[in-house]
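Asker: Here Swiss-Prot flags C286 as active site, nucleophile. What Swiss-Prot records for H370, E372 is active site, and it gives sequence analysis as the kind of evidence. Annotation comment: Swiss-Prot describes S60, G257, G259, L287, Q290, N328, G330, F331 as L-glutamine binding site, evidence class sequence analysis. Taken from Swiss-Prot, the feature domain 'Glutamine amidotransferase type-1' covers 209-397. Annotation source Swiss-Prot lists region 'CPSase' at 1-207, citing sequence analysis.
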Amino acid sequence: MIQTISSSRPWSVNTPTALLVLADGTVIEGKGAGATGIAEAELCFNTAITGYEEILTDPSYTQQIVNFTFPHIGNVGANSEDIESLTPLSCHGAVGAIFKADITHPSNYRASENLHQWLKARKIIALCGIDTRALTILIREKGTQNAVIAHNSDGNFDIPSLKKRAQKWHGLVNLDLTEEVTSPSSIEWDEEPWCWNKGYGTNNVHNLHIVAIDYGIKRNILRLMATQKARITVVPAHTTAKEILAMTPDGVFLSNGPGDPAATAQYAIPTINTLIDHNLPIFGICLGHQLLALAVGAKTVKMHQGHHGANHPVKDLNSGKVEIVSMNHGFAVDAATLPKHVQETHISLFDGSNCGIRIIGKPVFSVQYHPEASPGPQDSHYLFQHFCDLIMNHKKIS
């Protein structure tokens, strides 16, 4: 029997044109939008109210389906400027999206197309018209789910086959996905954040040189780094420490990215450890944070439901200050496995999980959350200044 999560819909659907099929056999039906087709992925939920374009194009969401808890998604349309993946024309990011309400006509002066058209162009399959908060409760109680999302305009689905695909999908554990999203070659970055009536700015002043290792980097991270008057060189994930050192960087940034950090660590750890040994200032975000922790000997674990949203409280254990931050991760650093020379600096006030570390006696630190937000609050923008201050102080000493 088909189990459904129903919702009061603002339209009449005689034949469902999209399905979400979970590995436990649950089938959820609704109206399709965006691309047609079938995709297997991990199902998670995001509690952000705004920034759906940035969320869906974040490479960290590779092989994931995002269930939005906020009911009205798509009201401001879409454009080609707010994409977070480094290569805008690529389809890096989520493979599926789930909305409670139908996609409306856009109402925003920056919109160039409606969300349905944008989803279709980016090959993202969408399901509309279900109770996304009931689905969120399911994820909260049972954990992230392996699932299949399918969209067929004629409403014909082979449900037994979809159930088998959901059950057989391998999941994200032991999966290195940086291969799919990293830059194919090195690039120089100079774009700064968007400003009212001016658009995106350009940084022409280079007081220091930062090499950013791209494990699936977001554009707004690079923009905020550029505001620190830094020359930024983005390099592919497999770039060796020898190649990075030959670029004579003043500091190295370890980016966010998708997949299991333990899988990516197989080739990332030797590079990171060599850079640490050379006493270079290092700053990591999200996956970069996890890779740094693995490099110093800690372990990472798969989370029950992950943290995905723009309203997460994080406590700085040194100052006692609480910041509201954006998060997007399904793995976490096990703080109990941190070695003695590594200090835990931040924790989540939702579940106490690790959110930051620093290596004692070295200019090296990282955070689990996203200080660049996009979308989200700006409480942690100062970390980019902190990183560059570390670099400048290190240059004075050395």
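Each Cβ is built from the backbone N, Cα and C atoms, and glycine gets one as well.
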Asker: Among all protein chains shown, how many Cβ atoms are found within 10 Å of the Cβ of F331 (L-glutamine binding site), not counting that one?
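Answerer: 20, counting other Cβ atoms within 10 Å of F331 (L-glutamine binding site).
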Asker: If you count other C-beta atoms within 10 angstroms, which of the binding-site residues G257, G259, G330 is the most crowded?
Answerer: G257
Asker: Starting from the Cβ centroid of S60, G257, G259, L287, Q290, N328, G330, F331, which together make up the recorded L-glutamine site, report each further residue of the same chain whose Cβ lies within 8 Å of that point, ordered by sequence.
Answerer: G216, N256, P258, D260, P261, C286, H329
Asker: Counting Cβ neighbours within 10 Å across all chains shown, tell me which of the recorded positions C286, L287 comes out on top.
Answerer: L287
Asker: Could you measure between N328 (L-glutamine binding site) and C286 (active site, nucleophile) for me? Cα positions, answer in whole angstrom.
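Answerer: So the alpha carbons of N328 (L-glutamine binding site) and C286 (active site, nucleophile) sit roughly 8 Å from each other.
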Asker: Between Q290 (L-glutamine binding site) and E372 (active site), find the distance joining the two CA atoms and give it rounded to the nearest Å.
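Answerer: Just about 17 Å between their Cα atoms.
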Asker: Measure from the Cβ of E372 (active site) and count the other Cβ atoms within 10 Å, all protein chains considered.
Answerer: 24
Asker: Considering the recorded positions S60, Q290, N328, H370, which residue's Cβ sits among the greatest number of other Cβ atoms within 10 Å?
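Answerer: Within the set of recorded positions, the most crowded position is Q290.
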Asker: Roughly how many Å separate the Cα of L287 (L-glutamine binding site) from that of E372 (active site), to the nearest whole number?
Answerer: 14
Asker: If you measure every Cα to Cα distance among S60, G257, G259, L287, Q290, N328, G330, F331, the residues said to bind L-glutamine, what is the biggest one in Å?
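Answerer: The two farthest binding residues have Cα atoms 13 Å apart.
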Asker: May I ask for the distance between H370 (active site) and G259 (L-glutamine binding site), taken between their Cα atoms and rounded to an integer number of Å?
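Answerer: Just about 17 Å between their Cα atoms.
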